[in-house]
Amino acid sequence: MGELIRHYGPALLAWAVVMVRLALHPRGPTNAMSWVVMLAIAVTLTAKAPPVYHGLSVLTGIPNVARLLDHGGFLVAGWGGLTMLLQINHPADARRRAVPHAIWIAVAFTGMCVLFAVAKTPVDHVRFAGRYGATAGVLEYWLVYIAGLLPTFLTTAALSTRYASMTTDPAVRLGLRLIAAGVLCSVTYHVHKAAYFVARRTGMDYPRALNILLDRYLTLAAAVLILAGLALPNWRTPPPIGNYRKYQRLRPLWLALYRVNPSIALVPPKPLLSELLDVRDLDLRLYRRAVEIRDGRLALRDHIDPRVAARARQAAARSGLTGQKLDAAVEAATLAAAIQAAATGAAPPETPSPVAAPGGRDLDSDIAFLCDVANAFRVPSQRTLL
């Protein structure tokens, strides 16, 4: 059973991820590269399955050609993963940065093809390393292969780790970390295999138990982690459910702003139960609620006291908040003070200097920020960070 899972499980998982991704129809250059990665991995894992491995040999008349296809596919997958990350964070010059890596793996694959042709491996055997580990040309082939593989794989792992610490999307963050872990598992496997081939060529002993353990689990772990990392962002909360939750989360903040300035709302607030049961036009209603919150803040500009914001920022920093959470807590405290001042008819600050409105760079990120503000607004200890 364990052998069946090891031989066929990764390939089945890869094609399952491809089918799920196909059903979601993602678009854009970044998604195109993720397709390259997933299809390359699916093809390479399928080529390792014994029936396919032997079938390719029969079809082409070239023993062990599936091994060359497998390794070529991993080179393409590594380049695709690196290009995908570059397109996310450096869209303007991603292509320019990816070209040297493409040339490098093309040169490496050419060298692999030459060494594959030179090496005498006449018997088609799915356990290629065990049968031909000491054969002339095999070690050289493997060294050229990992020379082509390691630069893209190590760069991909480094970029995945770096970008995971920068993103605010939990699904993307976890996905990038899984990809980094999977890539490092793959790198460890390939370095282990190089050491194995060196030992076989030189007649040294290589620990059999270690060889079996790493062969059996590292490639499986790498495949599962990378595929899960690629698929995870697609399995986040469906947009309608996510928008419903965001819409309801914004209600207390929006309602507080509405009460001091009803003109901000196109439609007066419904009773809470009625709103909870209404799931129509969530995209439009969420957009409108975010805009009305911004309008409400603008209407309070004369009551927004920069001294309140400064004290709230100091208190939030002392409490350990950082980044967007800190900005959201400060905004919640500033708005709470402004709402109270407007509701009680307090005079504006003597020297008003409205605090710049923090937020996201686009609609989605701004709604995410407003949700953080609304969360902080609902917590008395954060709403009164003074």
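Cβ atoms are placed via backbone N, Cα and C, with glycine included.
In TrEMBL, annotation is done automatically, which means it is predicted and not curated.
Not measured: the values here are computed from a predicted model.
For reference, TrEMBL has these:
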type	residues	note
DOMAIN	243-378	domain 'DUF6545'
TRANSMEM	6-24	transmembrane segment
TRANSMEM	36-56	transmembrane segment
TRANSMEM	68-86	transmembrane segment
TRANSMEM	98-119	transmembrane segment
TRANSMEM	139-159	transmembrane segment
TRANSMEM	171-191	transmembrane segment
TRANSMEM	217-235	transmembrane segment
Is it the case that the transmembrane segment (36-56) and the transmembrane segment (217-235) touch, counting contact as three or more CB pairs under 8 Å in which the residues of each pair are 6 or more positions apart?
yes
Tell me, please, if the transmembrane segment (98-119) and the transmembrane segment (171-191) are in contact, taking contact as 3+ Cβ pairs under 8 Å between residues separated by 6 or more positions?
no
Looking only at the domain 'DUF6545' (243-378), what is the model's average confidence as pLDDT?
87
Give the one range among 6-24, 68-86, 217-235 whose Cβ atoms make the most pairs under 8 Å with those of the transmembrane segment (171-191).
217-235
How many of the residues that make up the domain 'DUF6545' (243-378) does DSSP mark as helix, as strand and as coil?
98 helix, 0 strand, 38 coil
